[in-house]
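Listed in TrEMBL for this protein:
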- Y24: active site, proton acceptor (ACT_SITE)
- H101: active site, proton donor (ACT_SITE)
- N75, H81, D88, L102, S103, R113: substrate binding site (BINDING)
- R19: site 'Transition state stabilizer' (SITE)
Amino acid sequence: MSVPVLVLNGPNLGRLGRRQPEIYGTTTHDELAERCRAWGADLGLDVEVRQTNHEGVLLDWLNDAADAATPVVLNAAAWTHYSWAVYDACAQLTAPLVEVHLSDPSQRPEVFRHTSVVTPHAADVVAGLGVDGYRVALETVARLISG
Ligand code: DQA
């Protein structure tokens, strides 16, 4: 039986493929979602991919994941860097949380990107691998839930 896993993407990631492709690549969010589902299927994971530009919606999804003990792969995008509400929501998760970023925020020039409210709660952080980072994050979830 496949294990449910949520891949949650925050603001502006719905514009992947059109958004600063020199930083985020040319893969669209629909294509990313399709790849995540396929990678998940190979790993025995039933992956659902969601994206929102609304912080409260992300909080509701994280709260639901806490209640259902669902593993989460999270790219909180810009909220990563300043949302204490996301910090508090991540703190409530009991199943593995893996943080993912397409770029490597720690290597980017804007100092605000060098802080993450997600990292203190994450079992692992995958950054700078582009879309492939989601595959690595799902592999990490599969490894963590298998014991
Ligand atoms: C991002 C990095 C963040 O700094 C930025 O705000 C994003 C995307 C990434 O995937 O590289 O929106 O999370």
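Glycine is treated like the rest: Cβ placed from N, Cα and C.
Automated prediction, rather than curation, is the source of TrEMBL annotations.
Structure with TrEMBL features highlighted.
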residue : record                             : Cβ contacts under 8 Å, 6 or more apart
R19     : site 'Transition state stabilizer' : N12, L13
Y24     : active site, proton acceptor       : L16, L102, S103, G130
N75     : substrate binding site             : L8, N9, G10, L13, E99, V100, H101, L102
H81     : substrate binding site             : P105, F112, R113, T115, S116, V117
D88     : substrate binding site             : none
Give the maximum pairwise CA distance in Å, whole number, for the residues N75, H81, D88, L102, S103, R113 listed as binding substrate. 24
What's the number of neighbouring CB atoms sitting within 10 A of the CB on H101 (active site, proton donor)? 25
So which of N75, D88, R113, listed as binding-site residues, have a Cβ under 6 Å from an atom of ligand 1? N75, R113
If you count other CB atoms within 10 A of each CB, which of L102, S103, R113 wins among these binding-site residues? L102
